[in-house]
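Before any comments, here is the structure.
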Amino acid sequence: MSTVNSQDDEDTFKILIATDIHLGYMEKDPVRGNDTFVTFNEILDNAQKNEVDFVLLGGDLFHDNKPSRKTIHACLQSLRKYCMGDRPIQFEILSDQAVNFYNSMFPWVNYQDENLNISIPVFSIHGNHDDPTGADALCALDILSCAGLLNHFGRSASVEKIDISPILLRKGRTKIALYGLGAIPDERLYRMFVNKQVTMLRPKEDEDSWFNLFVIHQNRSKHGATNYIPEQFLDDFINLVVWGHEHECKIAPCKNEQQCFYVSQPGSSVVTSLSPGEAVKKHIGLLHVRGKKMKMQKIALETVRTFYMEDIVLADHPDLFNPDNPKVTQAIQAFCMEKVEMMLDNAERERLGNPRQPGKPLIRLRVDYAGGFEPFSVHRFSQRYMDRVANPKDIIHFFRHREQKEKNDNDLNFGKLVSRPASEGMTLRVEDLVKQYFQTAEKVRKFRESRKKNAEEEDEEVREAMTRARAHRSEDAVLVTASSDEEAMDTGMKGSGDSDDGFPAAATRGRGRARGRARGARGQNPTARGSSQRRRGSSGRESATSSRTYKPVSVPAKNMSIMDAFRSLKTDPLNSSKSYSEDIIDDDSDVEVVSSAAASSKVNLRLSFTPSLGKRGSQSQTSRGVDFESDEDEFDPFQSTATSRRK
């Protein structure tokens, strides 16, 4: 790594670097509520004391996407206290600020605003905790930017393609191209790098004379197949990468041998999780840049709450713990108490050397109880340290270690992965899946509509065919009815010739009524004619001398019950020779004729006669539609009644 002298001159940039401050973390906790605000004041105080040119933040200035009023107020108070003043700015901006700050209503750096008096400019990208959200894509940093206390840069205008345009700074003969990329979901950014959708623009003039500084806020360590950003994805013309989001402090620049640039990971300035990475001492960096040379100076943070962490594996102490011992739980608890006391003593000694540190430390003891051991009550154990530690509820953490097979990714060539054509990359995206889903749904919808339309057309054709068939059958029924009336008249005339001479009046009356009904049937509607056909069906069937035969048309008829027949005989004893008959002809025709004249036609079907002989009476009944030729054993109330009266 190239170095420069720390002497101040007009060609040297001095930049204070910090990331992941997480303002507002646990602000409601009575012990740890002000930790983030105190540390933020220390960071800005170091910037003021070292007379830096500007402060560079690597994301996650706020812990919550919508910080509370207390957090916003404390942040504004600190920025106004340490960053505003009469000290002149020693560098200038050469790039188009309308491009660098395109999303702001005031697209220029805050120290160039004539209404503000800025002594230490602050440049920051957003992190995953304070990223832009909502319909207007605003974040808490935009509030500070609108107030003129912070310069928010590194926003991407599109999710399809990212063009990173640098902020070009110049101080004397030193020129810095400051690149920034705010937090983007790692899987999406990984895919965009593979598909060559991320472009870092370079100055057209004197490309090699610029010191290229890149600030990024993504996963550096691998959390999944694509849930991180490999360093090999970044361009090799970069000189230094300031990597945010990772909380473990690795602020000393580390060289990437493949890309030949340095990576500095400042880590978080406050403990947000009781993990091994947070137990590392917290630092911020003071970067000196002159020409193409740089130097990183580590500055330890003194106001960070002390955090001690230790792991215990019970299976590694077989001489102390035996799972078969009934008092093994008490022995484990006593051993843990001893370890906690040792960590508290170390924290007290460190605090005496730095009075600015908070009084109560953070203690975490992780116990691996694999091997048949049982955990004890954590809450009861924590009661002993309520007044001595800042996290009494989670001092002890029991877990069981599981062996995990380590995957070797050293053989994966990221350079080849990035250099191949975009068409061979990871072209499958969530957007593509959603688009494919809706296209399929649209095809299914059109198919269902076409089926419905075809079904409606087929139903319409069927209805038209049925209508035509009904009309045709109605016409046939009219013709059949007219022919049946004519045949009935002929049958009536023949029947009158066969009658006894002693009954001319009855035969005459029968012929008169038959003619009257025939004449009336010709003028009736098809429904009435259909009802009159029920009487004449049998006579037409038994007429052997008739040369014409017609297919009878069946009509639903209302049959008389047996009791009704007996009632009619009792009420009219004089006309005992009358016979009530109604012949129902079964037919396969589906024509249904229903008429209000059914009752009147039933009355017309009742024909009276006075039999003189059994033979003549039988013939007369047959000619009038009553047939007893087959079912002799079947009980017939009409036949039995007529026979009894003849006797």
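Every residue number used here counts from 1 along the chain in the order it is shown.
In case you wondered, yes, glycine gets a Cβ from its N, Cα and C as well.
Pulled from TrEMBL:
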ACT_SITE  H129  active site, proton donor
DOMAIN    294-447  domain 'Mre11 DNA-binding'
REGION    447-558  region 'Disordered'
COMPBIAS  463-476  compositional bias 'Basic and acidic residues'
COMPBIAS  510-520  compositional bias 'Basic residues'
COMPBIAS  521-531  compositional bias 'Low complexity'
COMPBIAS  540-549  compositional bias 'Low complexity'
COMPBIAS  609-624  compositional bias 'Polar residues'
REGION    609-647  region 'Disordered'
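With DSSP states grouped into helix (H, G, I), strand (E, B) and coil, the compositional bias 'Basic and acidic residues' (463-476) comes out at 14 helix, 0 strand, 0 coil.
The C-beta environment of the residue listed as 'active site, proton donor', restricted to residues of the same chain at least 6 apart in sequence and closer than 8 Å, consists of H22, G59, D60, F62, H63, D64, N65.
The residue listed as 'active site, proton donor' carries neither a helix nor a strand DSSP state and counts as coil.
Per-residue confidence over the domain 'Mre11 DNA-binding' (294-447) averages 82 (mean pLDDT, predicted model).
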